[in-house]
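The transmembrane segment annotation in TrEMBL covers 35-57, 69-87, 107-129, 149-170, 206-235, 247-269, 284-301. Per TrEMBL, the feature domain 'G-protein coupled receptors family 1 profile' maps to 50-299.
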Amino acid sequence: MKNRDTEITMGVKNESTVQEFILEAFPAIQHLGNLLFLVHLLAYLGSIMGNMVIIIITWADHRLQTPMYVLLSTFSFCECCFITTVIPKLLSIFLSGRQTIPFTACLTQAFFFLFIGAGIFFLMAVMSLDRYLAICKPLHYASIMNLRISFLLIFLCYFLSFIFFTGLMLRVSQLSFCGPNIISHFFCDLGSLIHLSCSDTRSVEMYFFFVTSFAILLSLIVTIIAYSNIVVTILRLPSAKERQKAFSTCASHLIVLSLMYGSCVFIYVKPKEVNRLDSNKEAALVNTVVTPLLNPVIYTLRNKQVHQALRDTLSRARLQK
């Protein structure tokens, strides 16, 4: 009799297992969907075009094939991949309202969002160290940083990210989902997804908190140390004009870094995922819409060397025609 009851319970549970989720991004402003679609589409296209320009110029001009620009072009490529994991779904939500997404597709989107996103944070730490070496240790820079080391560091960034988040996604895939299926977000946010599970999620929540906090805080600490040393070195420059120019570049970098780290610390560095706020959606927009649009301008398009390479590339293209 007990076995029969168990089988009935298992059957009911299997029948009620959630097969798809509903993404409900911003229902309160859905009446502005067409306008928001246009704004975010333009931002998305601007981000893709700006980052693609950086990638093409870096690999078209041999003068830019240095560790600094290889890291920047990789960063731009990762930014393109990162926003492409979520923005197309956001655009479809603005056009036609809430969207359904199958369970496997939801897990896949959540994995790539976290995998690429964490890799970007590790990459930003490496870029900060590269700038630290170039500015604070210029005599040792060439002996420490080269293209081989750059590619090795890029590989390590994403290898570490892959290990962390593959383990996390395997844990999440084993959870049961048998109740509500509405995710109040514009993509499959893993914290919101875990919160919908009818399983005991305490160990998964702790693991999620650990890996996201580790990726963000480790990168943040390295970046703070690197830029602190850079600022000290800039203050020692003898020329006021040189100091002003260096601070201008450094300040613009720090603005973007503050936006990225600030929004992610607000979203992920919390001990309890159940305390997540609706404002997390707005904070997520900063990383998926605002900073990818600013990064090409801040990091390289304001750079005179990039401007010269762009002019040379366009001149060669005209001559070939």
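Just so it is clear, glycine is given a Cβ too, placed from its N, Cα and C backbone atoms.
Within the chain, the transmembrane segment (69-87) has long-range Cβ neighbours (under 8 A, six or more residues past its boundaries) at 40, 44, 47-48, 50-52, 54-55, 58-59, 109, 112-113, 116-117, 119-120, 123-124, 126-127, 130, 147, 150-151, 153-154, 186-187, 288-289, 292, 295-296, 299-300. Residues 117, 121, 124, 191, 209, 212-213, 216-217, 219-220, 223, 227, 230-231, 234, 276, 280, 283-284, 286-287, 290-291, 294-295, 298-299, 302 of the same chain, all 6+ positions outside the transmembrane segment (247-269), place their C-beta atoms under 8 angstroms from a C-beta of that stretch. Taken together, the residues of the domain 'G-protein coupled receptors family 1 profile' (50-299) have an average pLDDT of 87.
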